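As written in TrEMBL, here are the features:
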ACT_SITE  H81  active site, proton donor/acceptor
ACT_SITE  H169  active site, proton donor/acceptor
Amino acid sequence: PTRVSQSVLCMFRDQEEAETVVDDSSKHGGRLRTFPHERGNWATHVYVPYEAQEDFLDLLQLLLLRARASVPSLTAMAEFHISLSQGVILRHHWISPVVQSLKEHLASFPRFTCRADRVTIYTNDPKSRTFIGLEVTSGHSQLLELVSEVDRVMEEFSLPSFYKNPSFHLSLAWCVGNLSEELESCLQELQEIVNRFEDSSYLVRIPGAEVRCKSGKKIFSFPLR
């Protein structure tokens, strides 16, 4: 998980006292929270959304059917996106200025289209979760430029910037634990499913028409020009 810089921790010291909550991983599929659950902490994330259509979900089911033969515990993602930031935490009164700064930095960014069609296996930093994703194979440079704008906002508020040399991708499914070897064993078959699927070349095109920032349950949208 991301370590929050000392300056951010100082930013969060206000009159509101933290509410201690015992994290029960059984309530969210065995996953552990990235951040301590404290009253007033808003988990925040910037991303390009992908609205999955029925055909894409059909492709996902075919991929899951094969992948679950190797890893039965795989769970499909509830929503789909390409991340442009790490997950960070904000106090409630910092959400508005961060959102306003994102709006200003993204206002003139042109729309684009990227393509995600290479099946890739990922693990999170502590190796506690494994993901099947579709890696971006075109549109990488535009996504890097978007990240550059988002990073400027993060730096403005002393928040962590995005990973260096990122592998932009659309996560499809996840499981608890490091099961990358098990999934790598069927990687070629998963790729063949994508390659053979009818209209797959259309389904893996992701319109970069807007950027979203999710903070807690609030979602802010920034249409691109």
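Positions of Cβ are set from backbone N, Cα and C atoms, glycine also.
Cβ contacts within 10 Å of H169 (active site, proton donor/acceptor), excluding its own Cβ and spanning all protein chains shown: 20. Other Cβ atoms within 10 Å of the Cβ of H81 (active site, proton donor/acceptor), summed over all protein chains shown, number 20. Residue pair H169 (active site, proton donor/acceptor) / H81 (active site, proton donor/acceptor) shows a Cα separation of 8 Å.
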